[in-house]
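Novice: My questions will all concern the structure given below.
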Amino acid sequence: MKHSPLIASACLALVLMSSSLIGSTEARNKKKYVGETGGDFEFIDEINKNTQSNKNLGEHKRWIHDPSSDLCRPLNCKKREICLLEDEFSAVCVSKKELHKNRDEIITKAKYLEEEAKRRVNQQDNQDSQDAEDINNDDEDNSSDGGSSNSSPTGTNNAQASVQGNEETDDEDKSLSLGDDDESKEDDVFYENSIAAGDKQQQQQQLSQPAAGPSVIQQDDDEELDNCKPCPVAKPTFLCGADNRTYSSLCRLDYHNCIHSTSIRIACKGFCPCKEIVDGKRLQRISGYNNKYNKKISLDQQQQQQQQQQQQQQQQQAYKDSNNNNIMMNSGNIMGGNNNDFNTIMNDKEDNNRHNNHINAQYTFTPEEIKYDNKHYKYLKYTAYKKDSKYQEDKHKMRNYNEVVEKQQQKFNKNSNLNAYPSKSAECKPQQLTAIGNRLLDWFSVIMADSKKRRQHSQKSKAHFPPACKTEAKWMFGHLDLNNDGQLSLQEMYDLEHDQNERCIKPFIDTCDLDTDSSINTREWCRCFEKTDRPCAAVRRRIAGDFAGAYAPDCDIQGFYKPTQCHNSVGVCWCVDKHGVEFANTRTRGKPNCESVVNNAASLTSDDEDEGADDEDSAEGSADQMLVF
C-alpha cells in the first residue's frame, strides 16, 4: 500500500507518453494541402485571367465591315489592322490576328441593314398584336363595368338619376381614353397617314351622343375586332406599302388596315423604298437635264445659222461689188482706186471665210512635223479644242500667222488687159504650182503609208471617184472629208491651204475649183492631181534631156524609186526607199542587196516611232530638191 502513489505516478507518466506519441504520428500522417496547381505558387491575377478567358470563350463579338464608310477615313489603320464598325456611329482599327484568335464574327453592311429591317418589322408586328390585346382587355373592362351598373339595385328616382349621370361621365372618359390609346398606337406602328375626314366626323358624332349609346358603340368595336383576324407564324415575304413602310406579309398589311381602318396598298415587293420609284425619279431628273441641254443646243444652232446666212449675204455682196468694180475698170474710170477696192474686197472675203471656218469648227487642225524614213513631212493632227480656251474665237492666231499682214499686195500692170479677171495664183508661177502639186502627191502617199503602219483606220469615203483617179488623191480626199458628204468645204481645206511654210498650196487648190462654188468635189480633186507626177517620175521629167554623165533615177511603173539606184558613169550604187531617200552606209561599187536593207529599215522605223528618237540631220524628200552628183 506504501507503493501505491508511485505506481499511480508511473501510470500517469506512461499515459502522457503514449498520448504524445500518438499525436506525433497523426501529425506525420496528415497530408499537406498542395492546392489546385500541384503545390506551385498561385497568383490571383492568373486565376482571374483564366476565369475571364473561360467566360469569354462562349462570347463572339460581331463587327460590321464597310470599307466605304466615312468613319474609317480619318483612321490610319496599320498594315495588319482593318477598320471595322462596332455600330452605326463608331469605327475601330482591329488587329486581324486578334479577330482570328477570338473568332469574332464579321458581317457586311448590307446584311446588317437587312437584319435591322427584319428586327424593326418584328417589333412592329409585336406592337400590332399587343395593341390588339390591349383593345380586347379594354373592351372586357368596359363590358364588366356596364354589367355591374345594370345589375346594381335601384332606389329612388334621385338615386337613379345620379347613377345615370355617373355612367355618362364614365362612358365619356372611357371613350376619350380609347381615343388617346388609338393615337398612341398609331404612333407606335409608325402610322403617318392622317385620319380620313369621314372617320373624324364619326368620332365626333360618337362623342356627342348621349349616354344611352355606349352599348351600341361597344357592339360595333367588338364586331370590328372580331373581323380583324391575327396572322399566323409563317415565313416572311416582305412587302412595301404605299405608306413607305415594310410589312412582313400580306396578312400583316391587311391586319394593319383592319385595326386602323386604313386602305394601304402594296407598292412593290421587298423592302422600302421601292427601286422603281427611285429609278423613276432619277429618269425624270435626267429627262429634265436633257430638255434644258437640247433647248440650249437648238438656240446655239439657230444663232449659228443666222450668222452663216449673214456671212453668205456678205460674200454675195462682195462678189457683186467686185463685178461692179470690173465694169468700172472696163470703162476706164479711176483705175488706181478700183485696184485698191478690189484688193480690199478680196481680203475681206478671205477674212469672212476664215471666220466662217472657225464658227462651227469642232476640231482644231494642228500641223505636226513628223519624220518618215529620214524625211520630213507635215501631218495634220486632229485635236479637240477646249471650250473655255481664251483663244477660242481667234484660233488662227495660235499659229502665229497673220494672212493680211504677211500676204504680199497684188500688183497689176497698167499695160495688162483690163478685161481679164485677176488670177488667184498670180503670186505663184506655173512651175511652182506644178512642183507643189508633185510635193502634195508625194506627201499624201507618205501620210497614207504612215497611217497604215500605225493601224489608224479612217472612215471609208462614200464618194464616187473617176476610174483614173490616183490612190493617194482618193485616200487624202476621204481623210479631209470629215462629214463624208463627197465635197471638201472651205472649213475642211482651211489648214491644208493655210500652211505658213508653203505659200503656193492655196493658189494650187484654188485652181482645182473649176466651177468656183467654194467647194471641191471628187471630179475636180482627181482632175487637179491628174497631171502631177510621183517623186521619181517628177525628177526624170525635170531633167528633160540626158546630159553626158548626168544621173537619171530608175523608176518603177507607178513612178516611185526602185530600191537599187546606180550612177552609171561613176560605177556606184546605193539603196533608197520608194520616195528616193538614200539609206546610210549602202553606197558601194557594184549592186548591193537592197531588199534586205529595205526590210531592216522598215522594222527599225517601227521601233523608232515607238521610242520617238529620230535623226534631225536627215535629208529632205526627193520632191523638195534635185539630186546632183
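Cβ atoms here come from the backbone N, Cα and C positions, even for glycine.
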Novice: Tell me which residue from N142, N150 Swiss-Prot records as N-linked glycosylation site.
Specialist: N142
Novice: Swiss-Prot lists region 'Disordered' for one of the ranges 42-69, 406-433, 602-629; which is that range?
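Specialist: So the range that Swiss-Prot calls region 'Disordered' is 602-629.
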Novice: Of the residues C231, C240, C268, which one does Swiss-Prot pair with C251 through a disulfide?
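Specialist: Of the listed candidates, Swiss-Prot names C231 as the partner.
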Novice: In Swiss-Prot, C228 is disulphide-linked to which residue out of C240, C258?
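Specialist: Here Swiss-Prot pairs C228 with C258 via a disulfide bond.
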Novice: Can you tell which of C83, C93, C240 Swiss-Prot lists as bonded to C272 through a disulfide?
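Specialist: It is C240, per the disulfide annotation in Swiss-Prot.
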Novice: Of all the recorded positions given, namely N244, C536, C555, C573, which is spatially nearest to D485 (Ca(2+) binding site) at the Cα level?
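Specialist: Checked the recorded positions N244, C536, C555, C573; minimum Cα distance to D485 (Ca(2+) binding site) goes to C536.
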Novice: Checking distant contacts: for the domain 'EF-hand 2' (508-535), what same-chain residues at least six beyond its ends satisfy Cβ-Cβ under 8 A?
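Specialist: For the domain 'EF-hand 2' (508-535), the sequence-distant neighbours (Cβ-Cβ under 8 Å, at least 6 residues beyond its ends) are 353, 424-425, 428, 433-434, 436-438, 440-442, 445, 463-466, 468-470, 472-474, 477, 486-490, 493, 496-497, 541, 555, 558-561, 578-580, 621-623.
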Novice: Using a 10 Å radius around its CB, how many other CB atoms surround E492 (Ca(2+) binding site)?
Specialist: 20
Novice: Taking only same-chain residues 6+ apart in sequence, whose CB is under 8 Å from that of C251 (disulfide bond), what do you get?
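Specialist: Long-range Cβ contacts: C231, P232, A234.
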Novice: Quick check: with D481, N483, D485, Q487, E492 left out, which same-chain residues have Cβ atoms within 8 Å of the centroid of the Ca(2+) site Cβ atoms?
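Specialist: Here the nearby residues are L480, L482, N484, G486, L488, S489.
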Novice: Tell me, roughly as an integer, the mean pLDDT over the domain 'EF-hand 2' (508-535).
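Specialist: Mean per-residue confidence for the domain 'EF-hand 2' (508-535): 84 out of 100.
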Novice: For each of the disulfide-bonded residues (C228, C536, C566, C573, C594), count the other CB atoms lying within 10 A of its CB, then report the residue with the highest count.
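Specialist: Highest number of other Cβ atoms within 10 Å: C536.
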Novice: Quick one: give me the count of other CB atoms within 10 A of the CB of D481 (Ca(2+) binding site).
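Specialist: Excluding its own Cβ, D481 (Ca(2+) binding site) sees 22 Cβ atoms within 10 Å.
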Novice: Count the other Cβ atoms sitting within 10 Å of the Cβ of N483 (Ca(2+) binding site), across every protein chain shown.
Specialist: 9
